[in-house]
Amino acid sequence: MIPPSSSTASKYTMDRKLGDGTSHQVSANSERHHLHGNRHSGIMKIARLSAAIALAILVLLSLSHLSFLSWTNPRWSPTNETPPLTKDRLNKKEEDGFNWANITPNPPPIQWQSCFDNELDCARLDLPMDWQQAEATDDSTSGCRVILAISRLRAAVPSDSPDYRGPIIFNPGGPGGSGIWSLRDHGKDLQTIVGTNYDIISWDPRGIGASTPRIDCWASAQDRVYWDLQDPGVMDAHEGTVYHAFARAAAYSQVCERNLEESGILEHSSTAYHARDLLAILEAMGEEKLKYWGFSYGTVLGGTFAAVYPNRVGRMVNDGNVDYEEWYNGTYLNFLHDTDKVMEAFYTFCHSAGPDRCSFHASSPHAIKSRLDALLTKLRTHPILIPQGQSSSSPADPAEPYHVPSLVTYSHIRRMLSTALYQPILRFRQIALVLSSLEAGDALPYHHYTLSDAPPPGPPSSPPTTCQADDTLPRLLMFEEEESNPDASSAVMCSDALPFTSTPHDFALYAQHLLNMSQAAGAVQASFRLSCAGRTVRPRWDPLDASSLEVFKDVKTAHPVLFINNEYDNVTPLISARKNARGFRGARVLVQRGSWGHTSLAAPSFCMARAVRGYFEGGMGEVPGEGRECWGDVVPFGDGEDGEEGVERRGGGGDEDGELRRAVWRLARRRRRLGGF
C-alpha cells in the first residue's frame with residue numbers, strides 16, 4: 001500500500017506544535033432530566049438501587065472465578081489491601097523461590113549473585129532517574145533513583161577462556177516487555193543461536209517488572225479489572241465506539257498521571273532514558289562495545305542507542321523493525337502495511353492444507369474468507385453464550401466451570417484474530433478449530449484458547465508516592481513475574497511521540513483510515529495511538545530532534561548494523577526495515593522470505609539463525625552480502641509444524657546444526673501474549 005500523500009496524511013497526523021498549552025477535555029457528564037412528582041422519584045430511586053445491587057453482584061461474581069473478560073488466575077483475590085509482610089510470609093516467599101528483595105541494589109560495577117535455582121545470575125543496579133542531573137542538586141527529582149533488575153545466562157565457557165566472547169544483551173520489545181521474564185523463558189534458545197560462548201543478558205527497563213519504581217497506573221489490581229470490564233470493544237464494533245474509546249483513553253491517561261505524579265517516573269521513561277540505561281549497564285559490566293539483539297520495540301531502542309552512541313556499537317541486530325520516523329512522530333500509519341497479507345496467508349494455506357490440517361477449510365481461499373465474514377457478521381448481533389456451570393467434558397482439561405454466564409462477541413473474535421497474526425505457525429491451526437466450533441455454537445474452544453493469553457495478576461499494592469525507587473520494596477517482596485507491563489508500554493510510547501493534539505473527530509478519521517488499510521486488524525490496532533489521548537506529562541530529557549529526526553540520518557556506527565525482517569510482518573513491515581537501514585552507513589537488510597508473523601521468532605528459519613550467528617561471530621562484525629536472503633522452514637498449516645520431532649525425523653541429529661534447528665523451532669512454538677510492538 002502506498003502511503004498517503006502529504007495533503008491526505010494531514011488529516012491523520014498530529015499537530016507538531018504544543019499550541020497554547022490547553023488540552024481537549026472530555027466530559028463524562030450527561031444531561032440530566034428532572035423528574036417531577038414523588039411517585040416517579042420513588043420509583044426511580046428503587047430502580048437505581050436495584051440496578052446497582054445487581055451490577056455489584058455480577059461484578060463480584062465475575063471477579064471471583066475464571067472469566068475470559070478478566071484475568072484468569074483462580075488464586076488471585078480482588079482486594080485493595082496488601083497482606084502484611086510478616087516474617088512467616090517472607091520466609092514462605094524464600095521457600096517458594098528466588099526473591100529480588102534479597103539482592104542489595106548497588107551502583108556500578110554490577111555485583112552478580114546466583115538466582116533462580118542457580119540457573120542465572122542476577123543483580124540490581126542503582127542509577128540516576130534523571131540522566132541530565134546524575135549528581136544531586138536542589139532540583140526536586142535530581143536525587144531520585146531507579147533500580148534496574150538485570151539477569152545473566154552464563155556462557156558455557158569461563159570468562160577467562162580464550163573462547164569466551166563476552167555478553168550479548170537483548171530486549172524483547174513491548175515497549176513494556178520484561179527482559180527477565182524473556183531470558184528465563186527463551187534465553188537458552190537465543191544463546192544456542194548466537195553461540196554458547198556468549199553470556200546472554202537482559203533487564204527489566206525502568207518502570208517494568210522487578211525494576212523500581214514501577215509504572216502502575218491503578219491503585220490496585222481490582223481497580224484495573226473494574227476498568228477492563230467497561231471496555232467498549234474494537235473500533236468498528238458499533239457506531240460510537242470510537243468516541244467512547246477516546247473518552248476512555250483520556251480518562252485512563254488522567255489516572256496514570258495523577259497516581260504517578262509524585263514518583264517522577266513518567267517524565268523519565270522515554271526510549272532516550274532506556275538507551276542511556278543500556279549504556280550504563282554496558283559500562284557497569286566493564287564493556288566498551290555493545291553486542292545487542294532487539295526485537296520489535298527493541299529495534300527502536302537499538303536504533304536510538306546506535307544513533308546517540310554510534311561509537312559504542314559492536315554488533316547490533318534489529319529484528320522486526322518499527323518505523324523510527326512514525327514512532328517518534330506518533331503517526332502510526334504504515335505499521336499495518338502488510339497486516340492483511342498475513343491474514344490472507346490464513347485463507348491460502350488453510351485451503352492448501354486440506355480439512356485434516358485446517359478445521360475451517362472450504363473449497364477456495366475466497367470461500368474461507370467468506371465463511372469467516374459470515375461468522376463475524378452473525379456475532380455482531382448474536383454473541384455466543386457460555387452458560388453458567390458449563391465446562392469442558394475432557395478430564396484432562398483443567399478449566400473450571402463458569403459461575404456466571406459469559407458471552408463471546410464480535411470484539412472478542414476480532415482481537416483473537418489480530419493476536420493470531422503475530423504467530424501464524426503456532427496459532428493458525430488453533431484458531432481454525434476455534435472458528436469452526438463457534439460456527440456450531442460452541443464457545444468453549446475459544447475460552448480454552450484465550451486462557452493462556454490472559455495476563456497474570458498485577459502487583460497488590462498501590463503506585464509509588466515518592467521518587468525513591470525502593471519505596472516499592474513491599475511490592476517487590478510479593479512480586480509475581482510479568483511478561484509485560486501495559487501501563488509502561490503506553491508511558492514510553494507517549495513520551496517518545498509528539499504531543500497528542502487530535503480531537504475526537506480527528507481520531508475518528510484516523511481510525512477509519514486504519515480500517516481502510518487493514519480489514520483484519522485496523523479496528524483493533526487503532527488503540528495504539530489512542531493510548532496517548534489526554535497525556536500532558538512530557539519527558540525531561542530529549543536528545544533526539546523529534547521534529548526532523550536528523551539523528552537517524554547518515555549515522556556511522558563503529559560496526560555496521562544488521563536489520564532483519566520477515567517478508568510479511570503484521571505490525572513491523574519490511575518497508576520499515578528498509579527505511580530504517582537507509583539512515584545507517586554500511587547497514588544491511590536481511591529478508592526472511594516466505595515467512596509470516598512478527599519478528600524472526602515467529603517463523604523458524606535455520607538459514608536466518610546461521611546468518612545471525614555468523615554476524616555475531618564475524619571478526620569485524622560483517623553483515624551478510626548484498627542481495628542475500630533467507631527462507632522460512634515451513635508455512636502455516638504445513639507438515640513441518642510438528643517441530644522438534646520433525647527435525648529428528650529429517651535427520652537433525654545431535655550435531656550443532658541439529659541443535660540450531662531445534663532452537664528455532666522451540667522459539668516459534670513458544671506461545672506469547674502478544675499485542676503491540
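Using N, Cα and C of the backbone, Cβ positions are placed for all residues, glycine too.
The feature region 'Disordered', as given by TrEMBL for the ranges 185-206, 449-470, sits at 449-470. Checked against TrEMBL, the range among 1-35, 386-420 recorded as region 'Disordered' is 1-35. Taking DSSP states H, G and I as helix and E and B as strand, the domain 'Peptidase S33 tripeptidyl aminopeptidase-like C-terminal' (519-630) has 34 helix, 20 strand, 58 coil.
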